[in-house]
């Protein structure tokens, strides 16, 4: 049925000429049921939706809706099928929602044409992060070109999280607490142009990660600022890559955070002499080498000892005989004295002879 001209104005600001509807700060607890079919840009922000149930937008039949902003709505749950019936959806913003449940089937089983997804500050719950990873790995968002995961306090990322995003061009991981990228694969991101890793807790980037960066042909903008770089021997590969690569933006400003003697020193100005890498950093292999060397030395000493014994076998045999004879004479003396002491007659005789 045709919507009355003013029905949309009850809860929202509806601008037909701009094909835009804004439902902002209205204490809404559900998606308005009478959204006009002309809407392309829908803002439902600053409300109290709490949950986005299955079919939240299906009844409206919104064929042209391409940009949906649901940020700051106190959303805690996005259920399966909640965003399934939006055939033109290209942009979705769920930022600033304290999500505790995100169904991997939120876009339905057929996937989505979505190109931009913003989740700033919405992934504080680790279970939600794992659900997002499952959704991405399922291929439901294969058309995604921009993914924003900033401000989430992330320490580590699930392995293989980005392997099914062949169209991704921009990945924002800034302002988290990432301590390493060892289990993160960027290999499937053949179209990646921009990667923001600034404002994290990265201490070093290993050779495997650097090799992935080199292998991505379109990756030209990498942000690494304001990380806690540890300038010891392990950072040599990163420094060498920075000096040769043109991928890192503002690389001249990257400085050491640890140890204290290197604090504030520019990574590009680090030389091998600054790092004092003459001592191997791999302590287990160093100990293993020491044990092997000690074993060889002990084996040589044992062989020399056996050789000396063999060369002096006659002297040693004579020496052993002499010791045996001396011991036998000594024992015989003890035996003779014992017999005298044990026989009273011999004892008296011995006493008289002393007189």
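For all residues, glycine too, the Cβ spot is worked out from N, Cα and C.
For the domain 'LRRNT' (7-41), the DSSP-based tally of helix, strand and coil residues reads 4 helix, 9 strand, 22 coil. Residues annotated as domain 'LRRNT' in TrEMBL: 7-41.
Look at TrEMBL and you will find 227-278 tagged as domain 'LRRCT'.
What TrEMBL records for 291-311 is transmembrane segment.
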Across the domain 'LRRNT' (7-41), average pLDDT on the 0 to 100 scale: 90
Summary of DSSP states over the domain 'LRRCT' (227-278), given as helix, strand and coil counts: 25 helix, 9 strand, 18 coil
